[in-house]
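Participant: If you scroll down you'll find the structure; I have some questions about it.
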Amino acid sequence: MANLYPELRLIPLLRQLGSLCELNYATQKGILAMTYRYDLFVIGAGPGGLSAAKKAASYGAKVAIAESAHVGGTCVNLGCIPKKLMVYAADFAEFAHLAQEYGWSQETPKFSWQQFKQIRDRELDRLRHVYQSKLKDKGVELLQGTAVFVDEHTIRVNDQKITADKILIAVGGKATKPNISGIEHAVTSDEMFHLEKLPKRLAILGGGYIGVEFSSLMRGLGVEVFLMNRECCILEGFDDTVRNTVRNELVDRGIYSYCNTTAEKIERVGDNIQIQLTGDRSDLLTVDTLLCATGRIPNLEHLNLDTIGIEQDNKAIAVDEFSRTNLPHIYAVGDCTNRKQLTPVARAEGRAFAETVFGKSQMAIDYHLIPSGVCSRPEAATVGMTESEAQEKFGDRIKCYQTEFTPLLRTLSQEKRQSLIKFVTHDDRILGIHIVGDDAIEIIQGFALAMQKGLTKAELDYAIAIHPSSAEELFS
């Protein structure tokens, strides 16, 4: 047989190279062909990887997924979910104060950080088990360990070599720190969830949405907060009206906001951290905790991408509109690519990938009108163009509408917190909606869909809203 089909002599060698691959040969044609253990192997069990794995399995693909930490990715374990739970925890202090103005008489409640962490971690563990159960129900095999490329079709997880026809990289991102002397004394957002105790004085380096959210929720828990931002205002990329409104509200709530200011040098002095400021402020700031919230980068360092020649774009994996890399059988979704870094986006990219590759119907994501929000107090939410972006494209032909109002809930309070709504339009078509205030994130969701359908200001003006509600302010 070996003399008749000399290619069979390669079988022992191929088995050594990939012990988990299966070999198939068509003797009638004298051709040796390789099939793989999995149709799809996913690296990373975050929102993008999970949605892709489940969708691909629903089309009959044999799928495995590897996770080096916890199932659910950053969102479930170190991001959206635990952060929003912390925001809710911080809200109760304000609710207790507001209740007294509604006639309730009670002592100010006391917050236990240790008790909250236990309850929060129990919920996160429940969510992780839910995701694991859904994978099992779909027939997706879950492997715990770090995945490393061996070659274009082979992955090593722990001591196993695994082959796959298609590979999806969905490893997400990780927090990064700037090159500042003493920056090792700072914690990242990942570590904020696991602090042994609440700080009394917290400095935050970075005025993006992560820094703003943590400054707000920590202030709500009674922490003295110093927010430093090297730009002229917080929340770069948001509409200027939103940026200024949120900053003013943060200051009104007792947060020290230092713009055009950053850290020049950081030192540990006993139990405290001393920060030498530079910029508009140059004083020495002493705190017990410093949070570095200056950004996140794709989590690519352990993948061994250089071995297989995956091209990158600004330290992220370069992909086309169908999430395909320069290698046609390897794809990438989520925060490891240079696209919009939001959990729902990663989830949608994962589904679109599976539809394209296994559902045989090409699907690309439209990134044009994706809403986003900041879970600060006050909340901020936005969809579409900012005023400056619209001016750059349409010049003086744009028209903006803006209103400020006190939500009904706040009318009995001595601190009448204002909400803000702003429209950016061109030829009556709504290009952008920006909201600051209670329930901003919940309100904007439906309007994002309406904008995708070409919503005009006139259509809103003639629509009938629910009264009394904050959302009705968008209709008038």
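For all residues, glycine too, the Cβ spot is worked out from N, Cα and C.
Just so you know, TrEMBL annotations are computer predictions that nobody has curated.
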Participant: Given that TrEMBL lists GLY206, GLY207, GLY208, TYR209, ILE210, GLY211, VAL212, GLU213 as binding NAD(+), which residue among GLY139, GLY279, GLY295 does it place in the same site?
Facilitator: GLY295
Participant: Which cysteine out of CYS21, CYS75 is the one TrEMBL pairs with CYS80 in a disulfide?
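Facilitator: As annotated by TrEMBL, the paired cysteine is CYS75.
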Participant: The record lists GLY206, GLY207, GLY208, TYR209, ILE210, GLY211, VAL212, GLU213, GLY295 as binding NAD(+). What's the largest Cα to Cα distance among them, in Å, rounded to a whole number?
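Facilitator: Max Cα-Cα spread across the NAD(+) binders: 14 Å.
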Participant: Ranking the recorded positions CYS75, CYS80, ILE210, VAL212 by other Cβ atoms within 10 Å, which is at the bottom?
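Facilitator: Minimum Cβ neighbour count within 10 Å, taken over the recorded positions CYS75, CYS80, ILE210, VAL212, occurs at CYS80.
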Participant: Three-state secondary structure of GLY206 (NAD(+) binding site) from DSSP?
Facilitator: coil
Participant: For HIS467 (active site, proton acceptor), what is the tally of other C-beta atoms lying within 10 angstroms of its C-beta?
Facilitator: 9
Participant: Can you break down the domain 'Pyridine nucleotide-disulphide oxidoreductase dimerisation' (370-474) into helix, strand and coil residue counts using DSSP?
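Facilitator: Split by secondary structure, the domain 'Pyridine nucleotide-disulphide oxidoreductase dimerisation' (370-474) comes out as 37 helix, 33 strand, 35 coil.
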Participant: Beyond GLY206, GLY207, GLY208, TYR209, ILE210, GLY211, VAL212, GLU213, GLY295, what residues of that chain have CB atoms within 8 A of the centre of the NAD(+) site's CB atoms?
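Facilitator: So the additional residues around the site are ILE204, PHE214, ILE234, LEU235, ALA293.
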Participant: Measure from the Cβ of GLY206 (NAD(+) binding site) and count the other Cβ atoms within 10 Å, all protein chains considered.
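Facilitator: For GLY206 (NAD(+) binding site), the count of other Cβ atoms within 10 Å is 24.
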